[in-house]
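Heads up, the thing below is written out as structure tokens.
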Amino acid sequence: MFDKLRVKLNEFRKAIDDKLKAAPQPAEKAGILDKAVAITKGEVILTEKDLEGPLWELEMALLESDVALPVAESIIDSVKKGLSGQRKRLLSSTGDLVEDALRDSLLGILSAHTLDFEEYVKAHEKPVTVVFTGVNGTGKTTTIAKLAELLKEKGYGVVIAAGDTFRAGAIEQLEKHADRLGVKLIKHQQGSDPAAVIYDAVAYARSNRKDVVLADTAGRLHTNVNLMEQLKKISRVIKPDLVIFVDEAIAGNDAVERARLFNDAVPISGSILTKADADSKGGAAISIAHITGKPILYLGIGQGYKDLKKFDPEWFVDRLLER
Ligand SMILES: Nc1nc2c(ncn2[C@@H]2O[C@H](COP(=O)(O)OP(=O)(O)OP(=O)(O)O)[C@@H](O)[C@H]2O)c(=O)[nH]1
């Protein structure tokens, strides 16, 4: 997982190290005060010029790893701020310095907003209604089933709403999952109003003391205005407690663009990225968190019902910065 970006970040760390080893003596480059300090302590100072090349390389590496341009620029800015003017003992490794700057920058994006889904469900008045948005084929149905399993394990009563009434196949697929998991499914026939299906599911949950309604929606193409309008209608009628955007980590910048458009249509509470097990880049999570300003809640890490990992920014950044 995320190996490509990890390798690139390591290269950046090494490039800064090499720069420093080849750096001129402090007396040649620092200001009067710094010079004195540097000479007595045997330190060098990282200037913007030292950082220019490696930062450019880092920006390219981030872009190649599905980090969207404005996000890459913001990371570069904060790493630059974290590093330039920093003194470093000659010949000692700059690893920590670079690692700290990268860590701060990435965690700044990924931890800016947090939402603990399980805590939310625990604390919130029941039934908690969760609507899932995102395009077809990204793993939305499987993700709903995974969350149903997780909630069931915690002792909650779960109802699934087959709100993707666009295709009969979607209703059947959800029904299979619900049967396997032993969870109640509320469905209408193909072509019916999705808001009505979800409304019925909430009513069922209320009268049967169920705790959580997980509502599928059609994999509406974000370019299709009518379908987006339908999503807005669902939101108006149902007033869901949470709206979760689902997309594939491996879709990279396409997923980032979709996240932005879906979030613009109906503001999301957070995202789940599927197929992280097949994602060598890792940039989609960073970009989606930055662009939507909403947390990543879980990563899908396989096809089984248990293959859902709670997203932990520290774990994710540790992975990326592993040597
Ligand atoms: N490797 C891997 N595969 C996944 C993951 N999540 C879902 N899949 C697979 O991705 C495929 C598509 O998943 P679905 O849940 O059917 O996708 P969907 O978005 O509901 O798609 P539609 O039914 O077309 O709307 C299935 O084969 C899933 O098993 C994941 O985290 N990792």
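Placement of Cβ uses the backbone N, Cα and C atoms for every residue, glycine included.
Keep in mind that TrEMBL annotations are predicted by a computer and have not been checked by a curator.
According to TrEMBL, the features are:
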type: BINDING; residues: 134-141, 216-220, 274-277; note: GTP binding site
type: DOMAIN; residues: 295-308; note: domain 'SRP54-type proteins GTP-binding'
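Annotation for Thr217 (GTP binding site): spatial neighbours Val131, Phe132, Thr133, Gly163, Asp164, Pro194, Leu231, Ile234, criterion Cβ-Cβ under 8 Å with sequence separation of six or more. Remark: of the binding-site residues Gly134, Gly137, the most isolated position is Gly137 (fewest other Cβ atoms within 10 Å of its Cβ). Within 10 Å of the C-beta of Lys140 (GTP binding site) we count 26 further C-beta atoms, all protein chains included.
Spatially close to Ala276 (GTP binding site) yet at least six residues away along the chain are Met1, Ala249, Ala285, Leu299, Gly300, Ile301, Lys309, judged by Cβ distances under 8 angstroms. Residues in the domain 'SRP54-type proteins GTP-binding' (295-308) partition by DSSP class (helix H, G, I; strand E, B; coil) as 0 helix, 6 strand, 8 coil.
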